[in-house]
């Protein structure tokens with residue numbers, strides 16, 4: 001049911017012609033309330049797309065009544081005119097929603113905008129604005145799946161989730177299959193809940209959820225210009241969970257979507273969990289895990305079903321994490337191929353025939369741990385990304 | 001003429017059976033003096049191979065009389081026994097050289113050792129030590145090319161250079177085709193000179209040369225466990241150049257070898273120079289250039305002959321360099337496809353049919369500049385690195 005699983009939300013997904021394929025490319029999520037509290041987390045990239053700059057301003061007030069999302073163009077690196085396009089999109093959505101339902105009283109400043117697709121080209125506004133009108137007409141309580149489909153780019157399948165609370169729930173949708181990297185996997189994500197929650201509670205829940213899920217997905221080390229994760233609360237359940245309950249549910253929803261992103265990453269043949277244990281701090285574990293996850297030689301080796309643990313050690317060695325090189329253990333799919341920084345169990349025992357790969361690195365420097373999720377580097381990744389814009 | 005171009009050096013390259021192909025795999029470079037001053041620069045990876053740990057100790061005294069180099073095995077992540085193997089190699093070389101020419105009086109502590117190949121496996125000492133003896137027997141004044149050939153791994157051709165000074169010269173050889181990354185391109189390099197120079201002068205010259213050449217090659221973002229660059233001076237010309245002359249010649253030799261490394265990088269179809277100008281500092285220019293050079297999406301786009309400047313901006317945006325996102329210009333092969341952070345000249349004008357690609361990024365934040373050299377990310381890279389150890 002995606003973003004419309006919680007009470008108080010309607011959504012739609014329509015084809016506006018932004019994609020040459022004719023596939024759906026404009027999504028709309030509307031919060032009918034009674035509340036309209038919201039929180040957002042955005043890309044750490046300093047080159048931010050126009051919709052990110054816009055939505056950051058919208059979120060400052062902690063109120064979001066609608067989100068317009070389009071695939072088929074990122075509206076990034078498009079200058080002041082690109083920002084005007086985003087502004088016009090929000091204006092148009094607000095006016096159309098208000099006309100359709102005067103009780104809503106939506107202003108442009110209550111409308112977040114998300115875009116995804118090729119960087120550096122203006123959006124065809126003559127197609128996008130009619131698409132927004134069409135989406136408003138198509139809004140429904142079961143429009144969540146259609147919205148999730150309309151935000152896909154190179155994704156092969158839509159990503160949706162529902163997490164049940166006690167009388168309330170969290171719903172969500174996400175897209176993203178490449179440019180998946182730290183400080184948000186390159187992605188758009190809208191989470192909804194019918195819980196009663198202030199924008200500060202939502203912000204705390206969302207930041208913790210992102211820190212533990214999307215921020216630890218590193219498919220190809222490339223950080224996007226458009227990453228946006230929004231959390232909208234309608235309060236329609238009338239139930240106010242504790243901060244802990246809210247954070248747990250939002251984190252579970254984000255985790256589910258993050259795993260779907262890794263599962264569908266561009267050209268991937270492996271879904272790899274790099275778990276670093278025995279670290280002196282969680283930050284050390286994240287740094288070491290990320291270094292392994294980003295290493296092209298580790299990723300190509302796993303594509304070739306080769307448990308090349310020397311490359312894993314070489315990747316850990318580039319970090320500032322606390323460890324002694326001759327105290328590191330490495331297991332690949334449960335086989336401890338490296339102990340004390342040198343060869344241990346026979347690498348031939350490692351079974352890499354399946355899609356899931358579990359790498360475990362023990363730094364023997366403390367009690368902290370973290371897991372980073374990534375993919376292999378395959379011919380299909382090279383193919384897909386060498387042909388994307390042409 | 002490689003490392004034997006300067007007076008006072010002999011070298012050899014022999015096949016000891018470390019490579020299953022039967023290709024040459026043990027090289028020896030001997031400094032017959034009268035001087036034996038030396039300097040070395042080593043990988044910044046904290047997981048260092050045994051020969052790196054050994055050679056760092058040797059270099060502490062600033063004296064090197066011989067260098068043993070082997071391909072066919074990195075002797076990295078091999079524990080205390082691996083270090084003993086390196087020690088035994090130096091001992092054996094010293095004893096054999098001293099027996100062959102008692103005038104030399106070589107001790108193990110004067111012998112640097114370099115290894116390259118697969119990480120995590122012990123060297124077959126029963127093959128390596130006879131290879132060292134065979135190399136001692138084969139030493140000659142024109143053995144430079146044979147030595148350069150014996151250190152190749154996935155290199156398709158040997159890399160050698162000669163730079164002439166006024167009555168003295170610098171010679172060199174290098175290997176390295178993958179794991180080419182900052183803090184030394186993954187590589188072995190021996191530079192020789194018959195200039196008269198103390199170890200401190202050599203150290204200053206070598207550090208400056210590496211900073212401007214090898215440290216700015218970033219083929220695949222992966223830092224090796226075995227990187228070693230050595231500079232040996234025989235003083236046989238009797239001429240003592242100024243520090244400036246020495247540094248200039250060593251830098252020229254290193255630059256030539258660095259370019260040969262990029263030209264022969266694994267699976268590359270493009271040789272890419274990322275020049276960042278208008279930076280607030282040289283460090284900013286290097287950081288921004290490296291971020292572009294390491295970006296898999298930029299590299300796959302160039303493999304596909306696609307001047308996808310949006311990905312270049314997104315890569316610059318992940319850095320801490322001083323810039324305003326709406327003030328960045330980007331040219332690809334001379335066409336300014338992006339000005340002021342937005343689309344400018346038609347990307348269709350960019351000719352990417354050749355092997356050389358020049359990316360120029362103007363940050364408009366100052367007067368500093370730097371160039372990073374890299375390659376594209378191709379199917380052949382994936383193929384070569386997914387099949388290397390198996």
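Each position is counted from 1, following the chain as shown.
Glycine is no exception: its Cβ is also placed from the backbone N, Cα and C atoms.
Residues or ranges marked as active site, nucleophile in TrEMBL: B:186.
Under the heading substrate binding site, TrEMBL lists B:153, B:175, B:186, B:266, B:385, B:390. All protein chains considered, the CB of residue B:175 (substrate binding site) has 28 other CB atoms within 10 Å. For the recorded site, residue B:175 (substrate binding site), the DSSP three-state label reads strand.
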*Could you check the binding-site residues B:153, B:385 and say which one's CB has the fewest neighbouring CB atoms inside 10 Å?*
B:153
*Quick one: of B:153, B:175, B:266, B:385, which binding-site residues have a CB closer than 8 A to some CB in chain A?*
B:385
*For residue B:266 (substrate binding site), what is the tally of other C-beta atoms lying within 10 angstroms of its C-beta?*
26
_Which secondary structure state does DSSP assign to residue B:385 (substrate binding site), in the simple three-class scheme?_
helix
